[in-house]
C-alpha cells in the first residue's frame, strides 16, 4: 500500500511454475523461504500453473501474501486486477498488452502501487505520464524465464533510457550474479529476478549480493 515505502532493490518474482519438479505445496515452501531471505518486494506471478480450481489459486496467493506480510515484504500481484483487489495487495504489475494504468486506477483506486513493464523508448516516453508508480524495464539480457519476452535491450541502451526516465525503476531479464556489478552503476532502483534466486544455492547470500550492488 502507498502508506508504506516501496523499496525496489531486491524484487523477487515467482509462482509455482518456477519450481516445475515440485508439487504446488512444496513450491510454496521454496518461495516462502526466498521471501524471508531479505527480498524487498515479492511479485506473485503464476502464469502456467495448473490449479484444481479458482479457489486453490486464491489460497496459494493468500499463503504467500501472509508470508510476505510477516516478513515486511511488499506483495505485488502480476496482471490480475480481480485478485489484487480480493487480496488487498500492496500493488499490481501490468504489461503493455494489459489495460491502461488509468483504467486500472479506476478499478483499484489510489492506494495500491501500479508497476508497468517497458521494453523500448516509445513505451518509456508514454509511461512517464501514465500514472504508474514504478517501471520494470527489460529484458536487459536474454532470458528463459519468460517465453514471450521481447528482444534484449542491453545495458548501454538501458543506461540511455534511464537518462530520460523520472520514475523509480527495476531492471529485469536475464540478470545473473555476474551482471550485478555493471547494473550497479547505471541508476536503477532495483533488479527484478526469477531464476537468479529460484536457482540459487544460498538465497540469503544472493539477496545480500543484490543489495550490496543496488543501493
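Quick reminder: no glycine exception, Cβ is built from N, Cα and C everywhere.
What Swiss-Prot lists as 4-amino-2-methyl-5-(diphosphooxymethyl)pyrimidine binding site is 43, 44, 45, 46, 47, 78, 117, 146, and the listing cites sequence analysis. Annotated Mg(2+) binding site per Swiss-Prot: 79, 98, in sequence order.
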* Asked: At the level of the C-alpha atoms, what whole-angstrom distance separates residue 44 (4-amino-2-methyl-5-(diphosphooxymethyl)pyrimidine binding site) and residue 79 (Mg(2+) binding site)?
  -> 9
* Is residue 78 (4-amino-2-methyl-5-(diphosphooxymethyl)pyrimidine binding site) helix, strand or coil when read with DSSP? -> strand
